[in-house]
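Data block below; observations after.
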Amino acid sequence: MDKVWWHTAWGLLCLLQLSLAQQQIDLNITCRYAGVFHVEKNGRYSISRTEAADLCEAFNTTLPTMAQMELALRKGFETCRYGFIEGHVVIPRIHPNAICAANNTGVYILLASNTSHYDTYCFNASAPLEEDCTSVTDLPNSFDGPVTITIVNRDGTRYSKKGEYRTHQEDIDASNIIDEDVSSGSTIEKSTPEGYILHTDLPTSQPTGDRDDAFFIGSTLATIATTPWVSAHTKQNQERTQWNPIHSNPEVLLQTTTRMTDIDRNSTSAHGENWTQEPQPPFNNHEYQDEEETPHATSTTWADPNSTTEEAATQKEKWFENEWQGKNPPTPSEDSHVTEGTTASAHNNHPSQRMTTQSQEDVSWTDFFDPISHPMGQGHQTESKGHSSGNQDSGVTTTSGPARRPQIPEWLIILASLLALALILAVCIAVNSRRRCGQKKKLVINSGNGTVEDRKPSELNGEASKSQEMVHLVNKEPTETPDQFMTADETRNLQSVDMKIGV
């Protein structure tokens, strides 16, 4: 019986922990630099665009602007986490790192959809201009709610309170759903109104650290910035050309995105566009350090009837796997989070390259991008393959993103846990009742003196004639009728009269 109650208590404890997990939020915050600080929720990318605004509002702050982020960067603020600001998703970087912002420095802008989940940055206008690491002890603008919100400061101090800060029901319902949207960039090309996207394969001229594998990222310059070009590339009469340099190492590729402004949009939209895709088998590289896989490579070709030069946009997305064979992409982390992004105030130095400075007003301009890793599993490879479409109006190559898989609702998980616990309790009660009902008891009638404990075992376990008696209780009902009772009474009366006469 004790074991049954122990299992019951253990099941209730597990159920309680499951319920509490749905009602706990940990907010890790950093020091403030010119009022800007970083907020991470539950140790992973789990904040939506709408929740980011609500969270900053709960801290009595706002989402920072790009100018405020650049000022914080100059004050020494840098992270390795993507976070929301006003209108963008960025990473502030001071020192180059191969796994942070594609080895770029400055405020690295990510071209990401608003449906993805990241961290967030907030701006406190009343904070000091320099670094401020005082502990945050309250969420002043939160309202009543059942959620336990814990603020974890940089020095490890923790402050908890009951409440809620989210104002959108979809953010509350999706609080425990891991974001599987890979629209953060590497395999999904966002349509850009500036012009066409021309992909060119180049050999890696300078491996970065131990990450000398092939990576892909598409970037654009948000402001006037220096843009490195490979010296082997030649441009004649500003015509769109296709060139394929020789790969010094077939396993080391670099994806370069070239954007060119279409001078004559009317002539382009007037003519048809032919799109072809040629799937190529993936290859493996066992030197890769992370848990990433190889998606299929696709080749897209566009032909213009009025142009003497054929444009070929070849997109080779090389993913490498070591031993990880899962079908779901890992959660974006500080070490591996890749997306098609934009570089603002970014600076990189590469040998054998010439630097060219151009602005957005130029007729044609090309960006050279550094590699960055992006985790993606095989489950998304088949979705992203062969779903490319041409937009004749804007002349932009767009690729549809992978659809999200349906998530199991939280209430269904809780209901299943309750049913399982009730079933376990019912089985335990049934087993215990069966044991009790099946027990046999012995009736011992002691015919001697003294209690049962005082008698010898031999007397109790001896013959039935000496130690036990069978007791039969017989309920005998009277069989005589009332008439018979009357006859007997009259007979007794007559006998009594005769005796009196005789006397």
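Heads up, the Cβ atoms here are built off N, Cα and C, so glycines get one too.
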Which of Tyr33, Tyr108 belongs with Arg44, Arg81, Tyr82 in the hyaluronan site listed by Swiss-Prot: Tyr108
Swiss-Prot annotation, phosphoserine - which of Ser116, Ser175, Ser364, Ser447: Ser447
Candidates Cys122, Cys133, Cys428 - disulfide partner of Cys31 as recorded in Swiss-Prot: Cys133
Listed as phosphoserine by Swiss-Prot, one of Ser231, Ser267, Ser299, Ser467: Ser467
Per Swiss-Prot, cysteine bonded by disulfide to Cys80 (from Cys56, Cys100): Cys100
Largest tally of Cβ atoms lying within 10 Å of a Cβ, found at which of the binding-site residues Arg44, Arg81: Arg81
For Tyr108 (hyaluronan binding site), the number of other Cβ atoms found within 10 Å of its own Cβ: 26
For Tyr82 (hyaluronan binding site), the number of other Cβ atoms found within 10 Å of its own Cβ: 27
Cβ-Cβ neighbours of Cys31 (disulfide bond) (radius 10 Å): 17
Cα distance (Å, whole number) from Ser433 (phosphoserine) to Cys133 (disulfide bond): 63
